[in-house]
């Protein structure tokens with residue numbers, strides 16, 4: 001099981017502090033400054049959406065240059081290897097991969113890019129992925145758990161309500177055990193007598 005960041009929508013206040021922290025941290029390390037997570041809002045609650053670091057990682061499967069790999073229990077993307085094909089963004093079932101880029105320094109700002117033909121029409125479902133701007137290289141960006149920072153993900157550290165948590169195998173096993181215990185209590189009654197009996201047998 002990979003590590004990933006999970007959000008508690010009951011604590012999230014939709015302040016976008018996590019997005020700002022993510023953007024600034026990556027910018028300081030020379031990476032694309034686009035936030036690796038996006039706060040989603042509805043009428044009742046809010047919560048950030050970000051990479052789930054899937055076990056099968058469809059984004060890594062479709063990447064033609066192996067820019068996306070599994071490293072230290074997380075799915076990491078090497079921006080320097082990205083060739084802007086956008087297959088990973090199309091393959092991601094959670095829409096957790098965005099594309100960002102900047103104009104190379106040797107291309108003047110007044111280059112004749114406005115005269116270039118517009119991007120060809122695309123289905124609404126993938127239109128944002130297929131949009132392009134002449135002279136700007138689109139780089140895939142996704143949550144990397146701030147692997148370059150010993151303190152861990154900036155979003156987790158900076159969230160004012162502690163709505164974000166980094167979880168790993170141990171955390172998942174503990175929660176799973178607790179859920180099983182609660183289910184047993186619901187179906188078979190109080191566990192206390194059962195646990196006492198088990199303790200007595202052990203003695």
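Cβ atoms are placed via backbone N, Cα and C, with glycine included.
Annotation for residue 159 ([4Fe-4S] cluster 1 binding site): spatial neighbours 17, 18, criterion Cβ-Cβ under 8 Å with sequence separation of six or more. For 12, 15, 18, 159, the entry in Swiss-Prot reads [4Fe-4S] cluster 1 binding site.
The Cβ of residue 146 ([4Fe-4S] cluster 2 binding site) has 22 other Cβ atoms within 10 Å, all protein chains considered. According to Swiss-Prot, the feature [4Fe-4S] cluster 2 binding site maps to 22, 143, 146, 155.
As annotated by Swiss-Prot, [4Fe-4S] cluster 3 binding site applies to 51, 54, 59, 92, with the evidence given as similarity to another entry. Classification of residue 51 ([4Fe-4S] cluster 3 binding site) by DSSP places it in coil, neither helical nor stranded. Same-chain residues at least 6 positions away in sequence with a Cβ under 8 Å from that of residue 51 ([4Fe-4S] cluster 3 binding site) are, in sequence order, 4, 36, 75, 92, 94, 96, 97, 142, 143.
For the recorded site, residue 88 ([4Fe-4S] cluster 4 binding site), the DSSP three-state label reads helix. Within the same chain, the residues at least 6 positions away from residue 88 ([4Fe-4S] cluster 4 binding site) whose Cβ sits under 8 Å from its Cβ are 59, 60, 62, 63, 68, 77, 97, 140, 142, listed in sequence order. What Swiss-Prot records for 63, 82, 85, 88 is [4Fe-4S] cluster 4 binding site, and it gives similarity to another entry as the kind of evidence.
Beyond the domain '4Fe-4S ferredoxin-type 1' (2-32), the same-chain residues lying 6 or more positions past its ends with a Cβ under 8 Å from any Cβ of the stretch are 38-39, 41, 45-48, 50-55, 70, 73-75, 79, 100-101, 139, 141, 143, 145-146, 148-149, 153-168. Swiss-Prot lists 2-32 with the feature domain '4Fe-4S ferredoxin-type 1'.
Confidence across the domain '4Fe-4S ferredoxin-type 2' (42-72), taken as the mean pLDDT and rounded to a whole number, stands at 92. The domain '4Fe-4S ferredoxin-type 2' annotation in Swiss-Prot covers 42-72 and is backed by sequence analysis.
The domain '4Fe-4S ferredoxin-type 3' annotation in Swiss-Prot covers 73-102 and is backed by sequence analysis. Through the fold, the domain '4Fe-4S ferredoxin-type 3' (73-102) approaches residues 1-4, 31-34, 36, 38, 49-54, 57-67, 126, 129-130, 133, 136-145, 147, 168 of its own chain, all at least 6 residues removed from its boundaries and within a Cβ separation under 8 Å.
Tertiary neighbourhood of the domain '4Fe-4S ferredoxin-type 2' (42-72): same-chain residues 1-5, 7-10, 12-14, 18-19, 36, 78-79, 81-83, 85, 87-97, 140, 142-143, 145, 147, 155, 163-164, selected by CB-CB distance under 8 Å and a gap of 6+ residues from either end. For residue 54 ([4Fe-4S] cluster 3 binding site), the same-chain residues 6+ apart in sequence whose C-beta sits under 8 angstroms from its C-beta are 2, 75.
The DSSP secondary structure for residue 12 ([4Fe-4S] cluster 1 binding site) is coil.
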